[in-house]
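The domain 'BIG2' annotation in TrEMBL covers 28-101, 103-176, 178-251, 253-325. The annotation signal peptide is assigned in TrEMBL to 1-27.
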Amino acid sequence: MSHFKKLFLPFLMIIVCLNQTLSPIQAGFSYVALSKYHVTAQIGDELYITALTSTGKKPAWKSSNTKVATVNTYGKVTAKHSGTASITARIKDAEATCKVTVAKTELTLNQTNLSLENGESFSLTGTTSNRSPITWKSNKTSVATVSQDGVITAHKPGDAIISAKADDTIKTCTVKIKKPQIKLSMTSLTLYRKEQRKLTAAVSSNLSPAWKSSKRSVVSVNERGLITAIKHGSCIITAAIDGVTAKCYVTVKQPTVTLNHSRLEIPVGSCKVLKPQVSSGNSPQWSSSNTAVATVSNGTVTGHSKGKATIYAQEDGIKAKCSVTVTQ
């Protein structure tokens, strides 16, 4: 045995004794010794494996599964994906391997089931075992959307699944958007023409209802639920949110109209006053059948020439009349 081999053999025996897990594959007296032979890492971790070789030269590094872990020429290992990979350092006649286990990312959500009303928002938060970023996605954006900060916004009744993904780990939260409940302050109304009423809607969501009249020629309603009677008849006022409706049945009744005289005799050039009584409280519209004989203004009848005329007081299609005779 040469003098060099006699000196090197004890040194090699010392290395084996110091690290019983050392398992280089040797060809002759060539060897590769690693600083680590088993490593557990999280996705995104970086670590170094150092190698001692019999030649004193830097070994060639290789990963058996670069999807799981990569290694550069200096032994720097980067964990990429959960799984296992063998990192091998090789010289001409020897090699050694380190088994790298990359743990699966753990992901937890603060909620896995949610119930919201349309228009409501909720902040979904996720926690990962390795601080990996989380990406968010909704399977039904028409029902609920989610921002990349995890804020869920409800858009219409239905079900949606919100997915959170960190590396190759996915967790879900089932979101149910409830149908709203609507209750009106009144379900029936009786009005006269020109009367107004304010309908209020108690709504379970934070949205405002859309108001609609089934007969706008009879009753109108504005965006705040203010009803205005236009003429006699009936209609339905509807408040709606997300297909859920509440109704108020409105009747505009015809008034009664009477005059204090049914007949008058007026000399030419003279005036007499007719006093109306209208149950709705509205002022009637006045008209004369023969303005050459007699005219009327706010109930004051004036005779102009000898003859006969009929004076009318009308409110919402109902008329009261007075027969007027104008004398010389």
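Just so you know, glycine gets a Cβ as well, placed from its N, Cα and C.
Automatic, uncurated: that is what TrEMBL annotation is.
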Open item on the list: Looking only at the domain 'BIG2' (178-251), what is the model's average confidence as pLDDT?
Closed with: 95
TODO: May I have the DSSP-based helix, strand and coil counts for the residues of the domain 'BIG2' (28-101)?
DONE: 0 helix, 41 strand, 33 coil
